[in-house]
Structure formats: C-alpha cells, structure tokens
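Feature list (source: Swiss-Prot):
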ACT_SITE  H147  active site
ACT_SITE  K149  active site
ACT_SITE  D154  active site
DOMAIN    142-169  domain 'PLD phosphodiesterase'
SIGNAL    1-22  signal peptide
Amino acid sequence: MKSKNNKFIAMSIPFILGTALGIYVESTYYFTSIINQKSFALPDTQIKHYSIPELSRRNVSTCFTPPAGCTKFIVQQLEKAEESIYMQAYGMSDSLITTALINAQMRGVKVKILLDRSNLKQKFSKLYELQQAKIDVGIDTVPGIAHNKVIIIDKKKVITGSFNFTVAADKRNAENVILIEDQQLAESYLQNWFSRKASNSVHF
C-alpha cells in the first residue's frame, strides 16, 4: 500500500509542477500583454507623453561615444547659455565641463547643480571646485542613487542620456547624449529638478 502511494506521489509531482508552470507562463503572458497594450501606466502627474511625430518637428541632436567628442558637444552648449543652467549629475569629474560651468557663472548665467551624494567622497569629483566658484550646489540624498544626467539650458534646451560628466564617459565608455530644444519638455525637466531640490537635497 505504501509502495502504491509513493508511486502515485511520484507520478503526481510532474503533473503539479507542469500545471503550476503553465499557470505562471499564462499569467506572465497576460500581464505582459496588458503592459504592452498600455493598460497599465503611472499617474499622468508622473509621466509625460511625447509622440514621435511631435519630437521629429523639434531640433534634436545626438552624440555617441566612441569616438570621443561628447564632452566638447556639451561644452559648446554650455558656452551658449545666456540666462540659466540647471544640472543633475551622478558623476561630476570632467574638467572641461566644470570650467564651462564656472565660466557661465562668471558671465552672469544662473548655474544650479544637484549631485549624487557619492561626490562628497569621490576623489576626482569637482564638487568643491564648483562650490568655491560660488555655484549653487546641492546634494541629492534620498531615495537611493541620484542617477540623473540632465542639463537644462535657458529653460528651452535639455541635454540628457547615459553620459556621466566624467572623462571615462567620453574616452572609455559607450555612451549617448541627446539634445532636445523644446520649451515644454524643458519645463517638465525643470519641474522635476525643483522637486528633487525641495525634498531631497542638502544645500552647501
């Protein structure tokens, strides 16, 4: 009798596992389908929609590394700033970008920066150099890592992408930079900047 029960259990296990796997796969497919159909979305206050035709009418430029050259691309845009530069950065150790920010401050451009907390201990971070130049620098503290790479220029240009503002990003890594000239998009990024500044930053 015991032998028959063991045989029944042994035969049942594959069936149970197979059924469970089938339910899992079917459920995964169902929820993936829902997400792909955009039935699931963040609240409208947290997500902005821009159609491809809409963006195609904007002035959009891109830069990729390798080869090197995206730092120069960013510096050129910073040199064109007339009124304001708002930056969010995880890594901030590139001398050329730092110099461009300081020069902008010296010619009367409002420069405000939010950096990840790692810059407090990073050996090559330009945090204190920026601070000494009287630039408004804040540390984005919570939650987690402040991994944004964003520059908003004159409230009408947005530079973003994977590119940290470091030498490694320009010389060693495979990175991308995108520049979009659009006032509505810039406003969206600015709102996020001020939100981060108000709730999650330590001011020097």
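Each Cβ is built from the backbone N, Cα and C atoms, and glycine gets one as well.
Counting every protein chain shown, the Cβ of K149 (active site) has 20 other Cβ atoms within 10 Å.
A Cβ distance under 8 Å defines the sequence-distant neighbours of the domain 'PLD phosphodiesterase' (142-169), meaning residues of its chain 6+ beyond its ends; these are 63, 65, 70-71, 74, 77-78, 80-95, 97, 114-118, 124, 175-183, 185-187, 189-190, 193, 196, 200. Each of the active-site residues H147, D154 was scored by the other Cβ atoms within 10 Å of its Cβ; the lowest score goes to H147. Rounded to the nearest whole angstrom, the C-alpha distance between H147 (active site) and D154 (active site) is 22. DSSP states for the domain 'PLD phosphodiesterase' (142-169), grouped as helix (H, G, I), strand (E, B) and coil, give 3 helix, 10 strand, 15 coil.
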